[in-house]
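Only one structure is covered here, and it is reproduced in the block below.
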Protein chains: 2
Amino acid sequence: MPDYQAPVDDMVYLLKEVFKADEVFAQLPEYSEINVDLARTVLEEAGRLCANVLRPINLSGDIEGCHLENGVVRTPKGFKEAYKAYVDGAWPGLSATPEFGGQGLPRTLQILVDEMLSGSNLSFGLIPGLSRGAAETIEAHATQELKEKYLPKMIEGIWTGAMALTEAQAGSDLGLLKATATPREDGSYTVSGSKIFISSGDQDLSENVIHLVLARLPGAPAGSRGISLFLCPKFLVNEDGSLGSRNNVNVGSLEHKMGIHAQPTCVMNYDDSQGWLVGEPNRGLNAMFTMMNAERLFVGVQGLGLAEASYQTAASYAKERKQGRTPGGKDTTSIIEHPDVRKMLLTILSFVEAARALTVFTALEMDKEKAHQDEATRKTASGLIALLTPVVKAAFTDFGFEATVLGQQVLGGHGYIREWGQEQFVRDARIAMIYEGTNGIQAQDLVVRKLILDDGAPVSTFFALISQTLSESASQPGAAAIAAKLGAALELLQNVTKKLQKGDFANATDQNAAATDYLRLFALVTFGWFWLRMALVTLAKGDGADARDKRKLTLAEFFTTRILPQTASLAEQIEAGSKTLLALEADAF
Amino acid sequence: MPDYQAPVDDMVYLLKEVFKADEVFAQLPEYSEINVDLARTVLEEAGRLCANVLRPINLSGDIEGCHLENGVVRTPKGFKEAYKAYVDGAWPGLSATPEFGGQGLPRTLQILVDEMLSGSNLSFGLIPGLSRGAAETIEAHATQELKEKYLPKMIEGIWTGAMALTEAQAGSDLGLLKATATPREDGSYTVSGSKIFISSGDQDLSENVIHLVLARLPGAPAGSRGISLFLCPKFLVNEDGSLGSRNNVNVGSLEHKMGIHAQPTCVMNYDDSQGWLVGEPNRGLNAMFTMMNAERLFVGVQGLGLAEASYQTAASYAKERKQGRTPGGKDTTSIIEHPDVRKMLLTILSFVEAARALTVFTALEMDKEKAHQDEATRKTASGLIALLTPVVKAAFTDFGFEATVLGQQVLGGHGYIREWGQEQFVRDARIAMIYEGTNGIQAQDLVVRKLILDDGAPVSTFFALISQTLSESASQPGAAAIAAKLGAALELLQNVTKKLQKGDFANATDQNAAATDYLRLFALVTFGWFWLRMALVTLAKGDGADARDKRKLTLAEFFTTRILPQTASLAEQIEAGSKTLLALEADAF
């Protein structure tokens, strides 16, 4: 199995040449000292950790899996040492607030590191990833007392966090959940209920696990407006910050999953656990959703990271493996000379590099939303993030999964064999299409809520950005073919968008029926936009374009001629409406 | 996990109403006593075996897997009993020649039974499936002496067969294989070499395993024209048919696979094994390829069977699972009321039922090829089979895999959990895109060889059949929309076909670049053809159409409006040619 190499050069290319990140950070007082050189240093250091520490235990961790022994979860061999290295490198606090010991670096750097974690060892990467989500939720909603008690150790990484939402009967529809919380005299609560699919629910890496648990207060309204959020630590914490007695927070079992075997996904039982309210009563979902954009961006990036990892193995194999002859040729050749094999590799690449561009774009908007001094800029950023979050989550994980399947196919029979690593990427990638809101639900969010958000301002802003790049490209004859195809695809997208916003399909049923096709159409146009932008970067350099620049231009041509045409069929499918979907009675299935 | 129900009614519908199988069989003297009533009896009996014996050990077999103990492969709990039931029911000889004890039933029935085996327990189904392939190869090419010695027990099922082709350096390109065979004085050969990915290479179900091994004779030409085929039994067979001493045919290891864990896929070592030549020297690939059409049809049907199985679980779950509200509604509802969930189920269904129709169509042509008395009919059948074989193999396994992924998605988080069974179908289905010639190679076969076979006669015949249905539909206004969309898609297909045969893309590089998109386009048009045919069956009944008929019409509308539009983008992608695929140096990957 080839090594993982963090794609630092491609990341820096995006920061520097496509997004001019130095100029962005210069506008943000909090990040004014951040620049691309610093970013490269951080990314290279993270890349070394991922390549040298995390990737070597990815396959072995998959094979060994986690084990539950006497109520305690044991992670696979090497995970303890790896986690120690992760903590020693201060990675848990990379983007966390300096107020509680974090380094306060931008989201943009964090998310690029997240891509590497996902690509080198997703099972591991989920542990700090979810812990960060829990810490950010506490930071945004908990009392100062809770923050001071829990955040420093979570940000240091010696404690970790877990998010306990799902119950057997309440998955996508959290309004159905039944866990309860009753007040105690000391202001804390007694939390009871059983939760499933709890990532990092327990492990032997951190000294304490801080669970954020959704539960209902006595007399709370039914449905999603009667849910509150509670902090239930595995070990109670004494006044001086030392660990006290064991809280009644127990692992019922480890889930038997298709992939991410080294990730301790637990059934958790909270049996009269002691917990503390986070945020307002009955506003628990709200508190959770504050962090949802960041979490969903992280999940999307998991699809991207695994696609990159699968690509690296596939490309390396394709260059080495001798099999068959070039079309019309006579000598045995490396399979990379077969156009069909190249098509698979280019399909992966043209997704990976455009998705990474969208990642950086979105993360920079998040940094602006947080740190820009101009309110209008913050508002625009906020709208774009809301709009793009479901696209990133669902499209990256759908295309990312498909990319790992292609990367597996390049290896032929070896792709199906565990030792080569490709089949693990497929199994690991599959979960990202499901958790943190299934991709179907992301599509509903995009179509039902985000298209009409703020009277449609974010989507109009976004389309205007694409149109602006199309206008800029008019002066570059070398980009004419790419721009023409993108322009046509954008027009299709804008047409169906109008129909979904307030035209023929602006009703709940047609929106629901259109959603997944629409999200895919939206994502393809967005990827096309970034390919045009990268092509323009190359063309602007004229004779100064180097090999990397020329490669981007070729990839842009590949994407627009070989992938973007899917937009035509997606638009036609959406135009079919919901009629045939509803024609059958449920019993006919 | 819900039970598996063999889709016998849908199979009988196809035989009776769409293909009028009674009339076909009546023209074939060998099968003149076969009719749809008999077929139903056989299918129902097979369905009971699959539902009651094979499905219950599918998940447990996946969890337990096979084990190699002291050189002997142990299959999971229950497999011995199941195999005994299979043999007791005389299923191994269902379509085998009566000359050696088979029942001599048509291929059409066999392949429908194969769908059920694949859907209920693919790991198990591969054992008799590959054994049949080996027996058919022996029947077609071995000496009468070898046939008499081996076939009766293989057809009875107390011995099984295995096909040993692939070596570590020789997969898709068998011309690179290195195993050797040297003649002995008694007319047998000493066979030596190591083979990988050998399905059913060994197990504890049958008394003997008959390996068909590809190897090179001394002085054989290099490449694929210097390969011969040898029969190497695990146990040598005495003159009286009893088992003699152990041959040197050894399991090196069990492959660690993504799926089909209960299937004993072996690394096999032939260390000076005794073997007997099958067919002519240096014509071993030819002997193997005789059986390839039947084997590839079987592999295609694996994708279909698993898609059906995944559909059954998904539909059952969607009707039970309460989550969310209908669009615009207020009460919690079964998720089948969400249009997006229906779209997933209908996507699977519209593939499954059209693919099953193509299966029956192709198998009936195989029965005609074998048993029709008119030479021209046999020749037409032969051409259609050659044309459709790569389409069935690749399209059924590509779409079949995608269908299992959708079926998994319907279950949300539960889809990722082993106990629910859906993730196993995904893992099991994945192999069928790879083995028996990767789907990329199937596409090359279609474009490079099959389109120009017999000067293009088979593909012209096939398109003429579709056009004929389109003409027939002119008198049915109810089919007008479906026919219009199919007609447009057929035109796209015919246009690119011409370019690939002798137009702009009739060169090896462009053909290679177009192949996978072309095969998918071809398959979609073919599925559309069968949907139109099924719609016409319904419409011809007028008021006499029952619920099943009306359901077919709805599915036809769904397919043509929601899936068939993909043909437009596929045609556009093909028109892009090979230029961007070859623009980069191999080092740029």
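Placement of Cβ uses the backbone N, Cα and C atoms for every residue, glycine included.
Annotation comment: TrEMBL describes A:80-157 as domain 'Acyl-CoA dehydrogenase/oxidase N-terminal'. The domain 'Acyl-CoA oxidase/dehydrogenase middle' annotation in TrEMBL covers A:162-272. The domain 'Acyl-CoA dehydrogenase/oxidase C-terminal' annotation in TrEMBL covers A:282-446. Here TrEMBL flags A:462-584 as domain 'Acetyl-CoA dehydrogenase-like C-terminal'.
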Practice item. Pull the DSSP breakdown for the domain 'Acyl-CoA oxidase/dehydrogenase middle' (A:162-272) and write it out as helix, strand, coil residue counts. Key: 7 helix, 56 strand, 48 coil
Practice item. Pop the mean pLDDT for the domain 'Acetyl-CoA dehydrogenase-like C-terminal' (A:462-584) in here, whole number is fine. Key: 97
Revision key, fill the gap. Per DSSP, the domain 'Acetyl-CoA dehydrogenase-like C-terminal' (A:462-584) contains 105 helix, 0 strand, 18 coil
Review point. Under DSSP, the domain 'Acyl-CoA dehydrogenase/oxidase N-terminal' (A:80-157) has how many residues in helix, strand and coil?
Key: 63 helix, 0 strand, 15 coil
